[in-house]
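**Student:** TrEMBL feature annotations, pasted as is:
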TRANSMEM  A:6-27  transmembrane segment
TRANSMEM  A:34-54  transmembrane segment
TRANSMEM  A:60-83  transmembrane segment
TRANSMEM  A:95-114  transmembrane segment
TRANSMEM  A:142-159  transmembrane segment
TRANSMEM  A:188-208  transmembrane segment
TRANSMEM  A:214-232  transmembrane segment
TRANSMEM  A:239-260  transmembrane segment
TRANSMEM  A:266-287  transmembrane segment
Amino acid sequence: MERFWFLTFDGLAAGAVYAAFALALVLIWRAARVVNFAQGAMAVATAYVGYAVVSATGSYWLGLAAAILSGLALGALVERVLMRFAGPGGPLNQVIVALGLVLVIQAVLGMIFGNEYRPAPAPFDTDALTIAGVAALSPYDLWVLGAALTVVALLAVLFTRTPIGLRMRAAAFAPEVSRLLGVSVGRMLTLGWALAAAVGALAGMLVVPTGLGLHSHAMDLVFVIAFTAAVVGGLDSPVGAVVGGLLVGLILSYVTGYLGPDTTPLAVLVLLLAVLLVRPGGLFSAARARHV
Amino acid sequence: MTTTPTETAPATASPLRRLLPGAPAGRDPRGSTLLRHLAVAVFAGTLVVLVTNQLAPYQNLQVARVCAFLCVTAGHTVLVGLNGQLSLGHGALMATGAYTVALTQQALDERAVRGWWTLPASLLAGVAVTALGGLVVGLAAARLRGPYLAGVTLAVATLVPAVTTIFTGVFNGEQGLSFPAQTPPAALGAYFQPERWLAWIALAAALLTMLLLANLVRSRFGRSLVVVRDDEVAARLAGIPVARTQVLAFVVSAACAGLGGGVYAMLTATVAPGKFPLDLSLFLLMAIVIGGLGSLAGAVWGAVLLVALQDLPGLLTEHLSLSAGLAQRLEGNLALAVFGLVLIVVMLAAPGGLQGGVRALTARLRGAVRRRPATRRSPDR
């Protein structure tokens, strides 16, 4: 039973990161109908920037800010320079361009920083606290959970309570009408990508210390897991992304804990296929007219 | 090698005529498609065999690797380019074929079963098992669209190391498997270069794949692949079973990947999960896009590109005389960055890829050749 509780807390902490990452995917999907396959590589790039700042200044918080800011810039850049021009060719083209971006980012990171894993120290203690004899969350897990949930709350406020959020939703929902009403749809799209990449950057900074360290491939599996989380919740639903992230985090934690770490990719695939075949729209999808 | 049959499109017959069933007038004026493709295959095969006779062992291995990759890229480009199903899992399918060949070869060797037919039998087993794997993925894929399919196949690509470690007893984990290497038959003489023999086997596999695919693409099934890609509703109205076509396309493509993976394993007589990383699947996609999506000739360019991607880095760092640290960083990454950039540029600016460029060039040359006599003879017309 102790082990079960430990795995539960561990899964929730991991799930919070997946939730933030899945949320980044959902943000772009809602705005542009693209799954950003370069999200993982972009997050790693910003994490490298963040940890470069950390080692230069000695302050984790400056590094975190640098990572998020570079995420904003990178997201806007990718949308302005690449995705805007890949769009007309159809979704296949956008996915392929994003994959090309993955190759370029990983290669450039390898050229600048080398191919070895770099240490990425966590800002807090990663040893689990013991509560009533049960090893539960570590301070770092608490920070991850808090940061991820704060971002989710901030985004919810942004989209539902502010004029700019309303404009972004309008631009995504009905681009033509919004344009007529004076919303700059292109700018909203850029903003959407920038926000998503910033959320991805935060998720990257949170997840890297829990893994082997900083490496150009550090987010490969995390991306696949986050994609699964987004699909579980439904690519269209931000709430779904959060619930999906926590759910996937829990499931993977149990699977890894009881069956061994090597089974994780297998579990991810089974989960992904099961959701797609049983409920393709995700758990939180609204009923929708059937297309022929 | 670069001449492949698909590019000689029979534009002469009017489309209406070709739709009429059974009418002899609808026949291609240049005779049977199969015979034409056979002639090209025999010509290309002879050419490559002649070339391999002049090459050093390492260069022959490069030819063999191109041929092995060609099996994969040809099948992949038919799936992605002609049927519009984006698979990021072909690296894992290659691994399936490679491991099946390795296991079969090991099993046959342990029971002291020897003969010329063991390798074809193992390759066939590899093709069959991979096709079965392709059927499973394809059945799921037929219900999925665009990014969903890409995501699922990406998840498949991450499986290879996991599966080999879970079933360590069968696949021997990170270490991988090794099996007896192929040796040239005694009839070729005692001093025959083994690498040349490997290149010939790989060439045979590549030619067979290209021949079958070229005919398949030209067939009724090939046309329905394109219709399903372009408009599923129209395809259904025309009586084409959409789901079955998509699943079958996946199976065919997987079978090709299995053969390519098996041949690839045969070249080194070893398999290990490290040879089939997630990147390999992305590289395969990159290769067919730069070569020219949907074009079998483009698949040839892609296969050459893949081998170049493996071999260029060493060459580059050797000749540029860089410091050890810098060389180690550039190793692999420089070529990858360049090819990745090319991939993006191709996708944004020249979707036809290399083969599209070649096609435009030959069309222009042909136009120039045709125009000259035409202006001279214009009064006769």
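Glycine too: its Cβ is placed from the backbone N, Cα and C atoms.
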**Student:** In the same chain, which residue numbers or ranges, 6 or more beyond the ends of the transmembrane segment (A:239-260), come under 8 angstroms Cβ to Cβ?
**Tutor:** 3, 6-8, 10-23, 25-26, 152, 225-226, 228-233, 267-268, 271, 282-285
**Student:** Going through A:6-27, A:60-83, A:142-159 one by one, which has the most CB pairs that fall under 8 Å from the transmembrane segment (A:214-232)?
**Tutor:** A:6-27
**Student:** Should the transmembrane segment (A:95-114) and the transmembrane segment (A:34-54) be scored as in contact, given a threshold of at least 3 Cβ pairs under 8 Å and pairs 6 or more apart?
**Tutor:** yes
**Student:** Cβ pairs under 8 Å only, please: of the recorded stretches A:60-83, A:142-159, A:188-208, which one is richest in them relative to the transmembrane segment (A:6-27)?
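**Tutor:** Most contacts with the transmembrane segment (A:6-27): A:188-208.
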**Student:** Of the listed stretches A:34-54, A:142-159, A:188-208, which one has the most C-beta pairs under 8 A with the transmembrane segment (A:60-83)?
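**Tutor:** The listed stretch sharing the most Cβ pairs with the transmembrane segment (A:60-83) is A:188-208.
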